[in-house]
Amino acid sequence: MLGLHVGTLISLFLCILLEPVEGSLMQPCQPINQTVSLEKEGCPTCLVIQTPICSGHCVTKEPVFKSPFSTVYQHVCTYRDVRYETIRLPDCPPWVDPHVTYPVALSCDCSLCNMDTSDCTIESLQPDFCITQRVLTDGDMW
């Protein structure tokens with residue numbers, strides 16, 4: 001009985017001790033400026049811009065004992081409030097609409113991943129990945 005009590009106290013002490021370390025190493029879920037690429041099928045260039053996206057740590061719990069009858073929901077850092085902006089891609093042929101709309105994060109939240117607004121994959125392409133030739137927003141080529 002005493003061993004169980006001491007083990008509980010040690011666990012509690014470690015949680016209190018490590019809490020500031022964990023908090024300082026992991027950024028909270030919040031909007032951050034990120035370089036992203038905008039491209040469209042049929043247009044020869046990829047426009048690289050800076051825009052706020054949601055990024056950061058969300059507390060999640062993985063159950064020790066997994067049951068086939070229970071569902072585990074993992075929370076991710078995703079958009080709470082979002083505004084959409086439209087930009088014109090350069091050098092698109094006349095038959096391709098050169099406009100691309102992208103989300104701008106106004107605020108973020110730890111919640112279930114919404115496939116309509118977020119990339120919920122484990123390993124995805126970087127946000128500034130381009131298939132076509134890259135162009136910076138100030139006109140410089142990469």
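For all residues, glycine too, the Cβ spot is worked out from N, Cα and C.
The following features are taken from Swiss-Prot:
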SIGNAL    1-23  signal peptide
DISULFID  CYS29-CYS77  disulfide bond
CARBOHYD  ASN33  N-linked glycosylation site
DISULFID  CYS43-CYS92  disulfide bond
DISULFID  CYS46-CYS130  disulfide bond
DISULFID  CYS54-CYS108  disulfide bond
DISULFID  CYS58-CYS110  disulfide bond
DISULFID  CYS113-CYS120  disulfide bond
Residue among recorded positions ASN33, CYS43, CYS46, CYS77, CYS113 with Cα closest to the Cα of CYS54 (disulfide bond): CYS77
Rounded to the nearest Å - Cα separation of CYS29 (disulfide bond) and CYS113 (disulfide bond): 13
Cα-nearest neighbour of the residue listed as 'N-linked glycosylation site' within the listed disulfide-bonded residues, CYS46, CYS108, CYS113: CYS108
CYS77 (disulfide bond) and CYS58 (disulfide bond), distance between Cα atoms, whole Å: 6
Local Cβ density at CYS110 (disulfide bond) - other Cβ atoms counted within 10 Å: 18
Neighbour tally for CYS108 (disulfide bond), based on other Cβ positions within 10 Å of its Cβ: 24
Between CYS113 (disulfide bond) and CYS77 (disulfide bond), the C-alpha gap once rounded to whole angstrom: 8
CYS29, CYS43, CYS46, CYS58, CYS113 as disulfide-bonded residues, winner by CB count within 10 A: CYS29
